[in-house]
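Trainee: Mind looking over this structure? Questions follow.
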């Protein structure tokens with residue numbers, strides 16, 4: 001595989017996801033839009049693991065405004081015609097009133113810019129362009145360093161009304177070879193929508209895309225439909241003016257788990273919900289580890305998506321009930337307008353996985369202290385600083401009321417470091433989320449900057465088009481027939497094989513395993529470590545490990561210090577067995593740059609003292625997490641071990 005990492009689409013904006021990235025309530029990398037499931041059926045005769053085909057549709061000139069009327073009549077007679085000339089402009093369907101508007105970007109911070117629309121770069125896309133003879137462009141979803149992503153209608157999968165009934169119920173059918181694509185004879189009222197990722201055409205990007213497709217095909221090969229893993233629907237190549245581009249088609253999903261964390265105002269979810277989501281995540285990990293022989297390498301809340309779209313930006317409008325799942329809280333409707341005004345219009349953040357730079361390797365769900373505070377920190381153990389600050393947080397843990405818990409006694413240090421961009425939030429919201437906010441440093445790159453400065457060891461940040469979210473249906477329910485939300489693991493762009501690693505720079509900072517930090521031998525257990533970190537975050541709203549750099553030490557030093565404080569001194573495998581162990585440890589196993597680690601704060605104490613878990617809750621949760629946090633990868637619990645743990649015994653069996 002090329003040194004360039006594949007698209008990491010984990011940036012959240014509004015709730016729609018692109019292979020793990022959220023925007024406006026719809027998602028790429030999973031299964032459903034508005035509750036319509038694609039299931040495991042092969043679409044339009046295209047096998048999920050089928051061979052690559054080539055489309056040679058050439059995009060139109062941007063000066064084609066006057067051709068629209070002429071094309072409309074012609075194209076309506078040629079929809080999905082197998083004899084279409086791929087080089088003809090008429091290989092697209094123009095609905096009445098549609099626009100052939102160019103999506104070429106401007107040179108500003110709101111899009112990817114025009115400089116990389118050249119040989120080896122992005123492919124120019126226009127509304128109503130058709131790719132692979134079936135995917136018609138509707139709108140732009142987002143972009144990153146490696147690719148652009150587009151919302152498309154799948155013209156081979158129309159949604160029809162029954163011709164024998166006046167019922168308004170719609171059915172999704174694979175089209176026959178007739179021109180209208182309505183094989184059942186009903187009236188076509190729409191088309192299944194998918195997300196199309198078009199990769200830049202340079203060889204390095206193409207090689208990375210080939211690796212990703214192989215991994216995604218392996219997942220689809222073993223019938224992943226019930227394994228809580230998102231699947232690739234289709235892939236092909238397209239030749240345009242800038243070269244040959246790999247194109248990947250994904251299903252549409254809902255919000256990611258980071259949105260759910262935000263919905264609960266970073267105070268933790270009901271433990272029953274945490275168990276449900278973790279069981280599905282572990283089902284997915286067990287499947288890819290044991291059956292597919294794949295390591296995800298970037299498990300985090302942003303990369304687990306719900307199957308239904310959900311509007312989390314009016315947080316108090318929806319509350320959790322074990323009996324009913326999420327339902328509309330009618331008593332809060334009078335406060336809806338004020339709540340919306342208090343929420344930021346867009347909680348845009350940045351994703352920097354696999355980047356070992358201290359300024360940019362954080363998950364975008366992480367918010368650290370301001371740059372000024374970091375400059376004032378001395379060479380002392382940051383975990384003690386975190387403890388002093390966070391003990392004042394005094395979160396009351398209640399299984400059924402965690403979405404309305406109050407946070408008291410925020411320390412003055414925390415309130416002095418408010419995000420400068422939080423003017424739209426009220427003071428209480430700022431205090432509640434202070435430990436999650438980060439003022440970007442001057443070295444943090446935007447998506448536009450990444451497109452020009454990211455090296456071959458970087459990964460992709462996605463930015464999203466404003467105003468897309470209104471197009472997607474918002475469901476008022478987030479549960480299935482058993483009242484529990486369904487979720488899927490997404491974003492295999494950084495995955496690798498168990499016997500073939502593409503890079504050792506893996507995992508987002510907060511979820512990174514110790515063996516990955518010291519560059520020791522690693523495998524599937526790195527995903528289990530990340531799963532433990534994610535479970536803690538879902539239950540508490542905070543990261544289990546939130547390292548910071550300071551005077552005389554880097555984030556990796558602090559990260560290891562936090563692990564030692566929680567789990568004790570690491571074994572020789574960690575302090576001496578990695579290629580970079582000596583960078584962080586002495587020959588005796590002490591940290592070089594943070595030697596004073598006399599205090600311990602074990603997990604049970606963290607749960608009871610800081611998050612106010614009951615004694616029994618803390619014991620049970622600790623018993624589940626600690627085997628997943630074993631320093632030694634070979635002794636760490638497997639996904640199957642975790643699924644068999646008593647902590648998950650009360651999760652509904654339908655998830656199996």
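Just so it is clear, glycine is given a Cβ too, placed from its N, Cα and C backbone atoms.
On a predicted model such as this, the values are computed, not experimentally measured, just so you know.
Straight from Swiss-Prot, here's the annotation block:
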REGION    1-127  region 'Disordered'
COMPBIAS  16-48  compositional bias 'Gly residues'
COMPBIAS  49-64  compositional bias 'Low complexity'
COMPBIAS  72-89  compositional bias 'Low complexity'
COMPBIAS  96-108  compositional bias 'Polar residues'
DOMAIN    135-648  domain 'Protein kinase'
BINDING   141, 142, 143, 144, 145, 146, 147, 148, 149, 197  ATP binding site
REGION    157-185  region 'Disordered'
COMPBIAS  160-179  compositional bias 'Low complexity'
ACT_SITE  298  active site, proton acceptor
REGION    330-454  region 'Disordered'
COMPBIAS  332-355  compositional bias 'Low complexity'
COMPBIAS  383-401  compositional bias 'Basic and acidic residues'
COMPBIAS  413-440  compositional bias 'Basic and acidic residues'
COMPBIAS  441-454  compositional bias 'Low complexity'
Trainee: What is the pLDDT of the domain 'Protein kinase' (135-648) when averaged and given as a whole number?
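Mentor: Summing pLDDT over the domain 'Protein kinase' (135-648) and dividing by its length gives 73.
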Trainee: For residue 149 (ATP binding site), which of the three DSSP-derived states applies: helix, strand, or coil?
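Mentor: DSSP assigns residue 149 (ATP binding site) to strand.
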Trainee: Would you kindly give the Cα-Cα distance separating the residue listed as 'active site, proton acceptor' and residue 143 (ATP binding site), rounded to the nearest Å?
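Mentor: With the alpha carbons as reference points, the distance is 20 Å.
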Trainee: Reported as an integer number of Å, what is the Cα distance between residue 298 (active site, proton acceptor) and residue 145 (ATP binding site)?
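Mentor: It is 18 Å, counting Cα to Cα.
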Trainee: What's the longest C-alpha separation between any two of 141, 142, 143, 144, 145, 146, 147, 148, 149, 197, the listed ATP-binding residues, in angstrom?
Mentor: 14
